[in-house]
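J.: What TrEMBL shows for this protein is this:
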- Lys409: ubiquitin cross-link (CROSSLNK)
- Lys412: ubiquitin cross-link (CROSSLNK)
- Cys183-Cys251: disulfide bond (DISULFID)
- Cys212-Cys273: disulfide bond (DISULFID)
- Cys253-Cys262: disulfide bond (DISULFID)
- Tyr403: site 'Critical for TLR4-TLR6 dimerization and signaling' (SITE)
- 7-29: transmembrane segment (TRANSMEM)
- 380-406: transmembrane segment (TRANSMEM)
Amino acid sequence: MGCDRNCGLIAGAVIGAVLAVFGGILMPVGDMLIENTIKKQAVLEEGTVAYQNWVKTGSEVYRQFWIFDVQNPEEVVVNSSAIKVKQRGPYTYRVRYLAKENITHDSESHTVSFVQPNGAIFEPSLSVGTENDTLTVLNLAVVYNNTADGVYTVFSGKDNINQVAVIDTYKGKRNLSYWPSYCDMINGTDASSFPPFVEKTRVLRFFSSDICRSIYAVFGAEINLKGIPVYRFVLPPVAFASPLQNPDNHCFCTEKVISKNCTSYGVLDIGKCKDGKPVYISLPHFLHASPDVGEPIEGLSPNEEEHSTYLDVEPITGFTLRFAKRLQINLLVKPAKKIDVLKNLKRNYIVPILWLNESGTIGDENAEKFRKQVTGKINLLGLVEMILLSVGVVMFVAFMISYCACRSKKVK
């Protein structure tokens, strides 16, 4: 009887030890299986989850415009007064609803080439008025209609998953021909996705043809998006800083007068990529811009929540599941003796024309599918690992204590 009991306790301890060891082994093995699966499904080739979502976004993307209405044009023209503006909007368009076109795979270089057709559908229910309210809104909103952005050539990730979706060339070039030195380089992806296994310390680099440059985002916070844990990456103020604050930005300062010898910050002269037009870009309401930029403009109220740009990236797959790209378009207005309305001006103005918010969020149906296919399986595997390890340790300890207790009684 005693022998049977002891044997049973030893057997229980052994089973517990086996479960604990199995749970411990399952952790690295399970992580390896997940990693291999993600690596296969993140490649941009037909049949993968990444490719399906890459060809045509599963999210509804909207571009909203707010127009700055100048309230005192006569005062400005005659007295060079501060410009008083009032924003009107939003005027909302659905964009990025067309699938990528002219998709070409190159098996030797492991790249995929494509063009992104542009289109815009006005959404009256999400707007303050109709398209006829202001032709400027219409012209700026659908300026890309019936055109295409590209050709882009990106790496498929087939031979190196750390390069998946990274842009190799844009319009056949690796540089833009707008900026001197390294500022002219095309870096990163198009921000719709990034190489998988994103860590908080990673700097996410991406190229945007809208702003004629590459830029980057850094980790800001952990967010729960429809039951999916994501990392929020934000554009840091240092990305818009002057060369005095951030020497890496020296090659984005291409003139000395308007920039006050490169000491102003928060605005970027993109005239070179806009056929020489005096176009400047900034964050909405001159968020993170130097005081001298917004000083001659009244009616602006910059704030982080409404006017910052962010990307919510699922860290395991690298997919961007929610984003908001906020951007302001400004025009340089300066004295001009040959133009009647400008000949009496006494100073330069960087005048805000409009700001836009292009945003998209994974839909409820796709979010549920993502939870089942990715996060749900990973969470289940983690739960199984912890249960096996915990139950195994508890069984081993309990049976060994019982065995030792029985042995001590027998000795007595």
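Using N, Cα and C of the backbone, Cβ positions are placed for all residues, glycine too.
Bear in mind that TrEMBL entries carry predicted annotations, made automatically and left uncurated.
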J.: Of Cys183, Cys212, Cys273, which is closest to Cys253 (disulfide bond) if I measure between C-alpha atoms? They're all disulfide-bonded residues.
T.: Cys183
J.: Taking just the CA atoms, what is the gap between Cys183 (disulfide bond) and Cys262 (disulfide bond) in Å?
T.: 15
J.: For Cys262 (disulfide bond), which residues of its chain lie six or more apart in sequence with Cβ-Cβ distance below 8 Å?
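T.: In sequence order, Ser242, Pro243, Leu244, His250, Cys253, Lys256 meet the Cβ cut-off.
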J.: Return the count of C-beta atoms lying within 10 angstroms of the C-beta of Cys253 (disulfide bond), excluding that atom itself.
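T.: The answer is 22 other Cβ atoms.
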J.: What is the interatomic distance between the Cα atoms of Cys251 (disulfide bond) and Cys212 (disulfide bond), given in whole Å?
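T.: Answer for this pair: 14 Å between alpha carbons.
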J.: Of these disulfide-bonded residues, Cys212, Cys251, Cys273, which scores lowest on Cβ atoms within 10 Å?
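T.: Among the disulfide-bonded residues Cys212, Cys251, Cys273, the lowest count of other Cβ atoms within 10 Å belongs to Cys251.
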